[in-house]
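What follows is a set of notes on a single structure, which appears directly below.
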Amino acid sequence: VATIALSSAPAVHAAAVFTVLFALFGTFGSSIPLVRDGESGLLRRYVLTGVHPGVLLLQRVFATAAIDLIELAPAVLVIAVVRGSSASQLAIVVLAMVIGLVAANALGALTAAFAKSVAEAALFSALAALLLLHWAGTFRTPVSGTWQATLEMLNPFRPLHESLLTAAGAGASAMVPALFGAPIGTTLLVLLLLTVAGRYTMGLGGR
């Protein structure tokens, strides 16, 4: 992150790289440990204590997202200092990162449900995250009025990309608060799905 922030890379390209790195950081950090814990039988032992699988999964998502936020904080500070971001822009980035990291960790939990190994978890997480990043307009802006534009509006990674774009020195000087509404709703819907289908998401099925 520091290398890119200190380079002469255009703000548009730098923001795209930052967004991809942060999203993959959260997705991998959720998916791979979940698969590993499932293989070791740790998840089953947790469930046998009486805890609801959905609640356990939700707790893991929030815990890993919080850890990711702490670990990525220095990188965000480097971007803000090097690129000359204002305090308000930095605050928006932090808010967008909270949403983006929770969504990334939820995505990691979903992809882990389809993986039979750590290698598959990494592959599925990368593919899913990159697809959502594409739909978030990270790599190119969709044409207005199309279904891609609708997906961009709902995408939890959109505020992260837009805020990093602003912090890196491109785009508007401030983000419109309304941009957060739909992505927050999407994230909450995914979290609800994880809670309801927690047993199946963790690969425990009906057992």
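Every residue gets a Cβ built from N, Cα and C, even glycine.
Because TrEMBL annotations are produced automatically, they should be read as predictions rather than curated entries.
On a predicted model such as this, the values are computed, not experimentally measured, just so you know.
Residues or ranges marked as domain 'ABC-2 type transporter transmembrane' in TrEMBL: 15-165.
According to TrEMBL, the transmembrane segment annotation covers 12-35 (among others).
According to TrEMBL, the feature transmembrane segment maps to 56-82 (among others).
TrEMBL lists 88-110 (among others) with the feature transmembrane segment.
The transmembrane segment annotation in TrEMBL covers 117-137 (among others).
Residues annotated as transmembrane segment in TrEMBL: 174-197 (among others).
If one looks beyond the transmembrane segment (88-110) by at least 6 residues along the same chain, the residues whose Cβ comes under 8 Å of a Cβ in the stretch are 22-32, 34, 57, 60-62, 64-65, 68-69, 72, 76, 79-80, 121, 125, 128-129, 132, 156-157, 159-160, 162-164, 166-167, 173-175, 180, 183-184, 186-187, 190-191, 194, 201. Under 8 Å from some Cβ of the transmembrane segment (174-197) lie the Cβ atoms of residues 54-55, 57-58, 61, 88-89, 92, 95-96, 99, 102-103, 106-107, 109-110, 153-159, 162-163, 166, all in the same chain and six or more residues away from its ends.
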